[in-house]
Amino acid sequence: MESLEVADVTKLNALAAGTNKKTPRIVAAGLGGRLMGTRDLVKITAEQVTQDSLESIAEKDAREKEHFTKNKHISEKPWTLSNFHQHLNWLNMILVVGFPAFGVYSAITSPPQWKTAVLGFTLYILSGLSITAGYHRLYSHKSYSAALPVRLFFAFFGAGSIEGSIKWWSHSHRIHHRYTDTPRDPYDARRGFWFSHMGWMLTKANPKNRARADISDLSSDWVVSFQHRHYLVIMLLSAFVLPTLIAGIFWGDYWGGFIYGGILKTFVIQQATFCVNSLAHWIGLQPFDDRRTPRDHFLTAFITFGEGYHNFHHEFPSDYRNALKWYQYDPTKVVIWALCKVGLAWNLQTFSQNAIEQGLVQQQQKKIDRMRNKLNWGATVDNLPVWDRSEFNARAKEEGLIIISGIVHNVKAFIKEHPGGQALVRASLGKDATKAFNGAVYAHSNAAHNLLANMRIAVIRDGDINGNTFALQQEFLDKEKLA
Amino acid sequence: MAQQSPPPLGVRVSPPRIAGTTHKVQRRKVKNDTTSSQIINHASHLKNTHMNEMRKRKRDFFNRINYGYALTVAVIPALAVLYLLQGKEPIIPSKTSTLYFTIAYFHFTLLSFTSGYHRYFAHNSFKARCSFVQYYFAIFGSSIGLGSIRWWASLHRAHHHFTDDTERDPYLIKRGFIWAHWGWLIKKPKIVTFYTEFMEQEFPKKTEAPVNEALDNDLVYTQGNMTRNDYDENIQRLLVWQEKYYYPLHFLTTWVIPIAVTMMLGDSFAHGLLYPGVLRMFACQQALLSTESVCHLKSIHVSIPSQPFNDKNSSQNCHNPLVTLLTYGQGYQNYHHEFPHDYRSTASPLAFDPTKWFIWTLDKLGVVEELCRTPADLITQLRIQQQQQVINRMKSQLNWGTPISKLPKITPTDFKRIIASSSNKDRIYIVIQNIIHDITPFMDQHPGGVPLLKASHGKDATKAFYGGVYGHLTAAVNLLATMRIGVLDVGNEEEVWRRVVREEGDVDGSSGRQMQLYRTAEAA
């Protein structure tokens, strides 16, 4: 029989990592390249990726261990007083911890003018939405298409939140989605809250956890390439120069504009974004799938412009929504929807309601099954001994037995607790009470059926009058055969 | 307690009930094959009987009012409310001592009703050790004006046995809110004989010889020095006595005692009559009546899963704190209907439930014993079964993809021909686990991008799908199933059929043995 060609996993991985093409620059050159400290992390070929994913984890670990015994990377050495400075990524330390600390200090010493505060808040919203609606949902997940002005807006204000260029951000985000909860995940949530929050960018990463994702679609967008090439200039303009100038020229508050509109705004947005990586894998419910760490929580959503419904997002990444219910907080969704209505965005991607509800139902089923296994549901009918009617008759009166649906139940201990009164049970002792139980006297509830199942002790051979029809038939057939 | 062989209730009762309808139908059938004049005669006859019935109903109107209840439930409270509306008296008594007495008396009488009439006499939730508790229940329970124990408790049992039964549920919510609230009290039930017999069966007036004498000796439980029979006879005597002297008792507890106490506290006769007497009675009645009306309304969706145990009847669990207050903590009707003889009205230890606290205290004082608690496992089991039903309902409404057994078989040669044909140029077919999937409609939504799909076009991508490139999880697998178009016939039948069994067995019999058991029980 002719067999089918099997898809070449290596080739597919090469596609997924984007290595089939002339390698586009993912990390900005020079200072920008070191900005997030990940230049080492993307040097990998498709062959390596494939090999790794196909080999067993233990085997791979052994090999890597052998490779790194002689020449351990700094991230594998223990932290000591003498080498902690080598562990840290000092540039990021200054950008993410140093500057904000300075900003907070200045803010405490000089309270803002209310105009400056409003400016800072406005810029916070603009830059934050650029990250969520632009960097995340538009560029990383391609969940819709947008007009040029919108893309320019996202590129400019997104740069102002100092989280790297679109290309870099989307690349690591795609890696995160592809390798969630594995060592390749840059913000691996299994390594603890602080690692996934800030630790991953403050320490030097282990190059053995390299990964790549295909971003060829982003490279073809000139806005993305332009932003990537001139990232430093755009970032400085958007993050610091713009708020300083606005506050300075219009109401003479140069310093306040710099502190509140620049540093503090950046700080808040950075922390919010980090929260998606840490908090959203940490608190909340898992209504769609509990095999991975992402979780849904209102609090995370509130901080991050609606990115907090992370369990849904990881199941249905290219959906432009993150929240489905009307009461869930997702302003980013509303913004994208409004852009669509205005005509600046189109091609909004949604997963079918069917698939979404399937996920919900399956997860609920899983939960119920887990609960079900903890409970005692009575002996299974297969495991019960088989009694003859005579045996039942002999023991029924003294042991308090009743037949219901062909099964002998010991109700002695229950007689007193029977809600319908003792008399009814007493009257049926030693008898077949199937009809009375199932409705002739009282149609018992599910609870009663469950309770009854716990009292099973045996199966009766001819439970009903018609119960022995089969045996008789068999006998008859046997006789016929003999004849 | 009834001491009879399993009483064929339905059988015994049905003849008078069904007689009217069946009779009519039969006569119609007989007349069907006769001539036209006879048909006209018959029609006019039907019309006449109908008219006569209407006239009779008009004449019967006054006969069908239950004057006792109409007085205690409607007329007297209405008069009191009208009197208050005139504005001469405040709603809350102006004298503090009267106020305190009213509140105390409210709780005192309402507790005697909820724990006595309801939990003790109607549901047997516990056993009384001292007869004075029974007398307290019997005497002060009558101050609510909802009838004698025999009458109320047997109707209540009927309500539990025949919930939502069009004929036999005394407070049938399908007849409307007003009926379930007041109507059933004010109007006499149509099937009085049925209820009388039911009452006689549940709370017999006459003693009968116990049926299982031998068994009783074996399973005897002693009540101090009394045997079980003495105990039952005591209750029976009490119930008959209470029914006989119901009106005097009612008069005593609703009128004499409150007025006397109020006057002793230094307030006027009228205030004693109004506040601890009639208005207190009115408030108690509303608390009790609203459990049967408000908590059975389907439209009251005040809580998130309002029917966590059974959604086949109208009883609702009302988690709304207002309803809970209004019903004196008895708003968890769905729980109560499933576990009627639990002395609590819900399993949650934090719920507002004064009756539970009261009975618990009596138990600790040693006055009552054998409180009936539903085991927690049983509650969880039922909850699980109900959730399973809801999930099954949801499952059946979703598209889970064509079952594998219904897919056409396609050989690899045919498959290649299909791919090669020019009409399928832009489509993408991917084989995963020997099943052919048409990915075309989903192409643009694929989170990993289109190039990956295009590269796997016409190939077996099982490895890549399940981890080689990306480990697809639940949602992706579900989506994939909806895109099935055929089974690749590579001669490996066994594997395919094993999968069929696993999957389709999974889809409909997911709950397994339990559901099977349940199904057989329902069928029987």
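Indices start at 1 and increase along the chain as displayed.
Using the three backbone atoms N, Cα and C, a Cβ is placed for every residue, glycine included.
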A:148-169, A:434-455 - the one TrEMBL records as transmembrane segment: A:148-169
DSSP helix/strand/coil residue counts for the domain 'Cytochrome b5 heme-binding' (A:393-461): 32 helix, 16 strand, 21 coil
Same-chain residues at least 6 beyond the ends of the transmembrane segment (A:117-136) whose Cβ lies under 8 Å from its Cβ atoms: 150-151, 153-158, 160-161, 163, 166, 169-170, 173, 238, 242-243, 246-247, 257, 260-261, 264-266, 268-269, 272-273, 304-307, 331-332, 335-336
Overall pLDDT for the domain 'Cytochrome b5 heme-binding' (A:393-461), taken as the rounded mean: 78
